[in-house]
Structure formats: C-alpha cells, structure tokens
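Student: I have a structure here, written as structure tokens, and I will follow up with some questions on it.
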Amino acid sequence: MLASILQNVINALQWGSFYALIALGYTLVYGVLTLINFAHGDIFMVGAYIAFFVASFALTTLGLPGWAALALTIPATMVLTSLVGVTLERIAYRPLRRKGAHRLYVVITALMAGLILENGNLAILGASRKAFPPLIHETVYTIGGVSFTNLKIAVIISAFLVFAFLHWVVTRTRVGMAMRAISYDKFAVPLMGIPMDNIIVVTFVLGSAFAGLAGILFAMSYPVLEPYMGALIGWKAFIAAVVGGIGDIRGAFIGGFLLGAVEIMVVAFFPSTFRDLIGFTVLLVILTFKPTGLFGVAKTTKI
Amino acid sequence: MLRYTFHILLILAGGLITWMAYEEMIGLYTLSVLMFMGVNIIMSTSLNLVNGYMGEFSCGHAGFMCVGAYVSSILGVLLFAKDKVFGAPLLDPSLAIYAFPFIVLAGGVAAALAGLLVAIPSYKTRGDYLAIITIAANYIIISVIENLGVIGGSRGFMGMKRVINAMEDVAYLPWMPIWVFLFTVFSVWLLRRYLSSTFGKGVSAICQDEVAAEIMSVNTNKIKTISFMVSSGVAGIAGGLFAYVIGYVNPGSFNILKSTEALVMVYLGGMGSLSGSILSAVLFTLLLEALRPLQIIKWVVIPLLLIILMQFRPEGIMGNKELGDMFPWLKRFYKFK
C-alpha cells in the first residue's frame with residue numbers, strides 16, 4: 001500500500017515537472033506583459049524537435065557517445081529554442097505592442113503563431129512520428145517495491161533547479177526587479193530609464209529556453225515526437241499556471257505539480273479516460289472558490 | 001416599401017437557394033459549403049455576444065456546440081429513426097418533419113444549461129481566469145461524452161441521415177439547406193433583439209466597467225448568466241445543425257481547435273459587430289474552401305493571413321461598427337434599429 005502510494009507520488013512528481021516547466025514560461029511572460037502566450041506549448045514542441053535534430057546530428061554525424069551528445073544537446077536546444085521565442089516576440093508581438101493594440105489581439109496573434117508552428121512543422125517534416133534516439137542508459141532502481149529510473153529523478157531535480165533559478169532571478173537580480181516593476185506599472189517603468197524591450201526579450205529567452213529544456217526531458221522520457229504534442233500539454237500547463245495564480249512563479253510551480261498529481265491519481269483509481277474529466281473538474285472547482293488561483297492576489301478594481 | 005428591401009432580399013435569397021437545391025442546379029459540394037457558412041455564422045455571432053459585446057474571453061465555445069449536436073442528434077434518432085442502440089423509433093417517422101425544429105431547439109436548450117458551467121463561476125472569476133474556466137468546460141464536456149459508451153463514446157454517433165430521409169419521404173424538399181437557412185436567420189435575429197434590449201445595454205455596461213455597472217444598479221450576475229446561456233444556447237443550435245448536415249458526430253471534432261476557429265471568426269469580423277461576424281464567417285468559410293488544394297499548408301497560410309491582419313487592422317474588418325454605421329446609405333433599406 002505504502003509502496004504504491006510512493007510509486008504514484010514519484011510518477012506524479014515526474015509528470016508534474018513537465019507541466020511546471022512549461023507553466024513557468026507562461027507565467028513569466030504573463031507576469032511581465034499580461035499576455036497569454038498561447039504559442040508557448042508549441043515552443044515546447046519545437047524544442048523537442050530541435051533536441052531531436054541536434055541529438056541525431058551529434059550521435060550519427062559527429063559520432064559522439066551518448067553523454068557527450070546530451071551535454072551538447074541541452075545547451076544547443078535551449079539556445080535555439082529561445083531564439084524561436086525571441087523571433088516570435090520580435091516579429092509578431094512587438095509591433096502590436098508598439099501600436100498599443102488591445103491585448104486580446106495579441107492573444108489571437110499568439111494562438112495563430114502556435115498554429116503556424118504546429119502545421120508548419122507538419123508540412124515540412126511530414127506526419128510520420130520521430131523516434132528520439134536514446135542518449136543515456138536508463139537504469140531502473142527498486143527500493144522497497146518503489147521503482148524509479150535515473151531519468152525520472154533527473155526530470156524532477158531539473159524542475160526544482162529551474163524553479164529555484166527563476167525564483168532567484170525574479171526576486172534577487174536587477175533584471176528580475178525590472179520585470180516585477182513592469183508588471184507593477186507599465187507606464188512608469190520607461191520613465192525610470194529601464195529598457196522595457198530588453199527586459200521583455202530576457203523574459204522570452206528565459207521562458208523559451210526552459211520550454212526547450214522541458215522538450216528535451218519530455219522527448220527523453222517519452223521518445224515519440226509528433227507536431228501536435230505541444231498543443232494539449234501546453235493548454236494544460238497554462239491551466240496549471242492559472243490555477244496557481246498566473247504571474248507568480250511559485251503558483252506556476254505548485255499548479256504544475258498539482259495538475260500532475262491530480263492526473264496521476266485519477267489514472268491510478270479510475271479508467272484512464274476519466275483523466276481529463278476529473279482533472280478539469282477539480283480545477284473548475286478550485287477557480288470557482290478561489291477566483292484568482294492559489295497564489296494570486298485579488299486586485300482591487302477602481303473606477 | 002424601400003424599408004423592407006432587406007427582408008425581401010433575404011426571403012428571395014432563401015427561396016433561390018431552396019429552388020436551386022431542389023432543381024439540383026447547385027452541386028452537393030456548393031450546398032454543403034453554404035450550409036457550413038450558415039453554421040459558422042451562428043457560431044461567430046453567438047460567440048461575439050460574450051467575447052465582443054460583453055468583453056469576456058471565452059475560448060471553449062465548441063463545447064456548447066458539442067452538447068447541442070449530441071442532444072439533438074440523439075433525440076432525433078431516438079424518436080424518428082431505427083437504430084441499433086435505441087431500437088425502433090418511438091414516434092411515427094413521418095412526424096419528423098414537424099418535430100425537427102423542436103429537436104434542434106432542444107439541443108439549444110441543453111447547451112444553454114451547459115452554459116451554466118461557465119456562467120456560475122463567472123460571478124466571481126474574471127478575465128484570464130474565466131478564460132481557463134471556459135477551456136476547462138470545453139474539455140469537461142468532451143470528456144463526459146467520450147466516457148458515455150451508450151452513445152458511442154469517442155467513436156462517435158451516427159444515424160441522423162435516417163431522420164433526414166424520414167423528412168424527405170413525407171415531402172421531397174432539400175430540408176437541410178432550408179433548416180440551416182431558417183435557423184441562421186432566427187439566431188441572428190435573436191441575438192440582434194437581445195443586444196438591442198435592456199439586457200443588451202447591461203451587456204455593454206459590463207463590457208465598459210463591471211464595477212461601475214453594478215453601482216449603477218445593473219444586476220451583473222443576472223445579465224452574465226443570461227448572456228452566457230443565450231450565447232451557448234445559440235451555439236447549441238449551430239451544433240445541432242452541424243450534426244445533421246454532416247450526419248455524424250464525434251467528440252473529437254468539437255475540441256479546442258474548433259473553438260479557436262470560432263474565436264478567429266469573431267476577431268476577424270470585429271468585436272461587437274454582428275454584421276462583421278456574419279461577414280467574417282462567410283469569408284472564413286470561403287477561404288477554408290479556396291485553400292483546400294493546399295492541404296496542410298492551408299493551416300499555415302490562414303494563421304499567417306490573420307497575423308498580418310492583426311498587424312495592419314487589429315480591430316478586425318468592421319471594428320465595433322455595424323454595416324449600417326459604416327455605410328449610412330444602407331439604412332434606407334432596412335427598418336429594424
């Protein structure tokens with residue numbers, strides 16, 4: 001009994017790590033721009049594909065051993081994915097922001113950019129699924145009936161490290177202070193001599209890079225890639241971010257793990273087709289009783 | 001007489017389509033494109049009530065369409081068609097011709113009740129948090145249907161063609177184009193009447209400032225509830241028609257992508273413009289069909305076009321104006337306000 005509970009906890013932590021990693025990107029961008037970057041799930045997908053190409057290149061063309069290929073793949077993917085995110089910001093979001101368009105139009109642009117990434121990928125690479133090459137040898141450890149792999153542990157640890165890093169960036173550094181300032185008052189910030197566009201680019205770099213990292217980890221854990229893999233997980237991560245209280249780093253992190261835990265627990269006790277039903281019902285109930293999420297602060301509305 | 005030009009033109013257009021479909025002058029393909037156009041018009045105008053006029057951000061509209069589609073197709077098959085699951089029809093199939101509008105309306109009512117799923121949380125939850133609730137509602141509805149094995153689960157549900165055949169047995173007319181046309185006109189009329197009523201004023205007040213509206217004695221909860229229910233109910237009508245046009249429904253076709261399509265139509269036409277929504281639904285359907293030879297690249301080209309549109313005319317085709325406001329000379333040709 002205890003073993004199976006622990007087993008489920010580990011599974012939930014691993015599954016929640018992916019949600020948390022993607023939700024962190026959503027929440028960073030939202031916190032600074034109040035923009036729901038719906039393309040973020042697809043940036044995660046692009047990250048997984050970039051990882052696939054880099055890893056295949058390193059393994060076959062360069063002939064590197066697995067660990068070296070992994071050591072090359074992680075930074076290369078993070079850099080390339082963040083380039084994708086920044087490009088998106090430059091060509092799609094920034095012109096709209098300069099014009100002072102209603103934020104819903106930016107949201108629609110983001111949705112469309114996500115569709116372009118998905119279907120462009122499908123058009124270029126075809127519908128056949130890609131198998132991610134194994135980079136490290138997966139070892140299964142069993143302690144007292146609880147089995148876990150080194151990969152699972154790596155996923156969970158990296159999610160925690162990324163959270164700690166982002167929390168440090170937002171609360172302790174000058175860039176983070178600027179980010180919080182922008183989310184506090186968008187109009188006063190440029191007057192204080194803070195380069196708003198640069199800060200926004202940094203935000204997109206951070207968010208997309210960690211989406212790329214999530215892409216690598218996801219591809220290593222579930223080594224089948226397809227163009228629509230980012231859509232559903234992206235929507236769910238967004239929901240996780242909102243349940244935690246969007247705009248708050250801790251909220252996204254907790255929300256991601258909460259969603260992961262709910263989904264794993266549902267699968268453990270019910271048929272797996274009930275996963276979405278019960279998961280989303282729980283979230284609906286949470287939002288009905290806590291309208292700004294777990295960590296969200298209710299804003300006072302003035303007239 | 002001049003003031004009734006619009007009404008006369010509308011009746012003539014409906015008659016012309018029916019006549020041409022009856023004489024088989026237009027092919028089945030063109031006819032089905034026209035019918036999808038009608039369904040899309042209903043979807044975009046009904047979503048415009050919530051997203052445009054009320055200023056909320058609902059991105060789960062397809063969920064309500066799904067409820068309407070399933071309820072009306074199950075009712076129709078249960079009552080008027082022989083089916084493997086439900087057995088013999090409960091009523092005489094020749095009655096289908098009279099009962100069909102009520103079946104579609106029943107789907108609409110069921111969808112309106114499903115709209116409560118969003119309406120009740122919207123009392124306290126606002127903005128992006130409400131957007132999540134709508135997405136969650138969409139997923140919940142699809143997931144419930146996927147888990148109902150009786151009506152086919154994720155395999156889908158069919159048999160609606162038999163109901164249409166039952167109608168054609170009584171009188172041979174192109175029934176689906178007629179019903180789609182009538183319901184499209186009905187839905188747009190309903191939304192127009194709703195928006196120009198006292199409720200409509202309350203809706204605009206909520207869009208401007210919810211707190212101020214409440215202070216000015218607008219019962220915001222009541223208006224939000226009714227608006228969400230009207231919007232989702234009309235979407236349910238669209239769903240019912242959609243199910244009968246295609247003759248097959250499965251929960252997968254009402255996913256978030258379908259909701260995105262509806263969103264695109266609203267923002268393409270302009271928030272807060274019914275005529276804009278109609279125009280954009282027509283354009284969007286035509287665009288989808290025109291780009292069909294491109295296959296998958298279609299879904300790259302359409303979003304790209306929209307992004308370009310957002311860059312150069314972010315308020316959509318019509319902004320928040322109606323056609324009559326943009327071209328005042330048109331006002332001579334219709335009577336309603």
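Note: Cβ is positioned from N, Cα and C throughout, glycine not excepted.
Automatic prediction, not curation, is the source of TrEMBL annotations.
Given the structure is predicted, the values throughout are model-derived calculations rather than measurements.
The following feature annotations were taken from TrEMBL:
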type	residues	note
TRANSMEM	A:12-36	transmembrane segment
TRANSMEM	A:43-64	transmembrane segment
TRANSMEM	A:70-92	transmembrane segment
TRANSMEM	A:104-128	transmembrane segment
TRANSMEM	A:148-170	transmembrane segment
TRANSMEM	A:199-222	transmembrane segment
TRANSMEM	A:228-246	transmembrane segment
TRANSMEM	A:253-271	transmembrane segment
TRANSMEM	A:277-298	transmembrane segment
Student: With the transmembrane segment (A:70-92) as the reference, find which of A:43-64, A:199-222, A:228-246, A:253-271, A:277-298 contributes the most Cβ pairs under 8 Å.
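Tutor: When the Cβ pairs under 8 Å are tallied, A:199-222 comes out ahead.
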Student: Have the transmembrane segment (A:148-170) and the transmembrane segment (A:277-298) got at least three CB pairs under 8 Å, pairs 6 or more apart in sequence?
Tutor: no
Student: Might you confirm whether the transmembrane segment (A:253-271) is in contact with the transmembrane segment (A:104-128), defined here as three or more C-beta pairs under 8 A between residues 6 or more apart in sequence?
Tutor: no
Student: Could you check whether the transmembrane segment (A:253-271) packs against the transmembrane segment (A:277-298) - three or more CB pairs closer than 8 Å, residues at least 6 apart in sequence?
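Tutor: Touching, yes - the transmembrane segment (A:253-271) and the transmembrane segment (A:277-298) meet the threshold of 3 or more Cβ pairs under 8 Å.
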Student: So what's near the transmembrane segment (A:277-298) in sequence-distant terms, Cβ-Cβ under 8 Å and 6+ beyond its ends?
Tutor: 239, 242-248, 250-251, 254-255, 258-259, 262-263, 266, 270
Student: With a Cβ cut-off under 8 Å, give me the same-chain residues at least six positions beyond the ends of the transmembrane segment (A:12-36) that come close to it.
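Tutor: Hits for the transmembrane segment (A:12-36): 43-44, 93, 97, 103, 106-107, 110, 152, 155-156, 158-159, 162-163, 166, 170, 179-180, 182-183, 199-200, 203-204, 206-208, 210-211, 213-214, 217-218, 221, 233-234, 236-238, 240-241, 244, 246-249, 251-253, 255-261, 263-265.
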